[in-house]
Amino acid sequence: MSSAVVTSVLMVITGSINTISTKLADITASKNIEGDTKDFNHPFFQAACMFFGELCCLIVFKLSQLRRSRPPPAERGRLQYVEITSEEHEELTPSHNWSPVIFLLPACCDLTATSLMYIGLGWTYASIFQMLRGSVMIFTGIFSIIFLGRKLGKHQWIGMVVVMAGLALVGVSSVLEPSGGEGAPNPLGGIIVIIIAQLVQATQMVVEEKFLTKYEGIEPLQAVGWEGFWGFLVLSTLLVPMYWIPGTATGGRLENALDAFVQIGNSYVVMAAILGNIVSIGFFNFFGVTVTRTISATTRMVLDSVRTLVIWIFSLVISQSKTKQTTRRTTQHPNNNDTDDDHTTHPTPYATLPLPYPTTVPYP
């Protein structure tokens, strides 16, 4: 099996874990700073955690670079003379002819897109969210033509049209026949926000491919790490004024990072979901940048859309498992009601990821 195939598969797996862990945190209730039990709704804080996960890639890169720069034990203390020809010098020069500041632009795009997607994910279903993310391949393909001068074949245009038609059906069905419930408080608003986020992310993909092809010496871990550095720096700074801006978060604030830490400390499920988000996003972006460099940004977005199937299967399995448990309880206790303390069963908030259609048996 080629390295490209392995990288692609790992990208899909880690990306699926990231989406699931993010939604898991969103639908998990935890005691907040005011003593009330509410869902973990902190999109900007989650985006900061994502950038921290990417920043860890830079730390790993620096450690590996330090390890590679150290000579073997048998050769330490010896001076070595290495002759470099003019051709080799010309090949090495471009790898150092760049500044980490170039990743500030894609980091800002990533910051904007991620924050919007976390908001959209909180408003709609994880499966709808992942399906609509497929629109990024359309925008990336169009931007690649405009800004990178690429040409798309007829089969690629046909594929983009088919994807566009499928996304339209998904969006319309979720609006006309919403399932309701806490899992999707605003499906239409979530759809609009997610699509806007895909436009911004497509811009990020094209900018990344431009830099990675222009500066061949940039390694994937290095690229992801610097994007994480700038994104974490900018968003961490913005979290301070967000605390004082009026909003819908706890205490009437736009984002309450202090409340986020309190909720994480009061729930092992939220803590595990946030850690899963941090770890998975680092690996996901590393594999994604590797695909962008070795193949193309459009291919990366096509592979990213494959996550839809994984997310859908996971949501379906969890939902059906929950439905069977509910049916079994109803059969065993046919007279059970919410006022019967002897038989009332309170489901855990992380028992299921909401689906874009109603289940046969309502959730208790």
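Glycine is no exception: its Cβ is also placed from the backbone N, Cα and C atoms.
Because the structure is a prediction, the values reported are computed rather than measured.
Features of the protein shown, as given by TrEMBL:
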COMPBIAS  355-364  compositional bias 'Pro residues'
DOMAIN    94-170  domain 'EamA'
REGION    325-364  region 'Disordered'
TRANSMEM  43-61  transmembrane segment
TRANSMEM  101-121  transmembrane segment
TRANSMEM  127-148  transmembrane segment
TRANSMEM  157-176  transmembrane segment
TRANSMEM  188-207  transmembrane segment
TRANSMEM  228-245  transmembrane segment
TRANSMEM  265-289  transmembrane segment
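Between the transmembrane segment (228-245) and the stretches 43-61, 101-121, 157-176, 188-207, 265-289, it is 43-61 that has the most C-beta pairs under 8 angstroms. Residues of the same chain lying 6 or more positions beyond the ends of the transmembrane segment (265-289) and with a Cβ under 8 Å from any Cβ of it are 7-8, 10-11, 14-15, 17-18, 20-22, 24-25, 28-32, 40, 46, 49-50, 52-54, 56-57, 208, 212, 220-221, 223-224, 227-228, 300, 304, 348-350. Sequence-distant contacts of the transmembrane segment (43-61), counting only residues of its own chain at least 6 positions beyond either end whose CB sits under 8 Å from a CB of the stretch, comprise 22, 25, 107, 110-111, 114-115, 118-119, 121-122, 219, 221-222, 224-229, 231-232, 235-236, 238-239, 242, 254-255, 257, 260, 274, 277-282, 285-286.
Using DSSP to sort the residues of the domain 'EamA' (94-170) gives these counts of helix, strand and coil: 64 helix, 0 strand, 13 coil.
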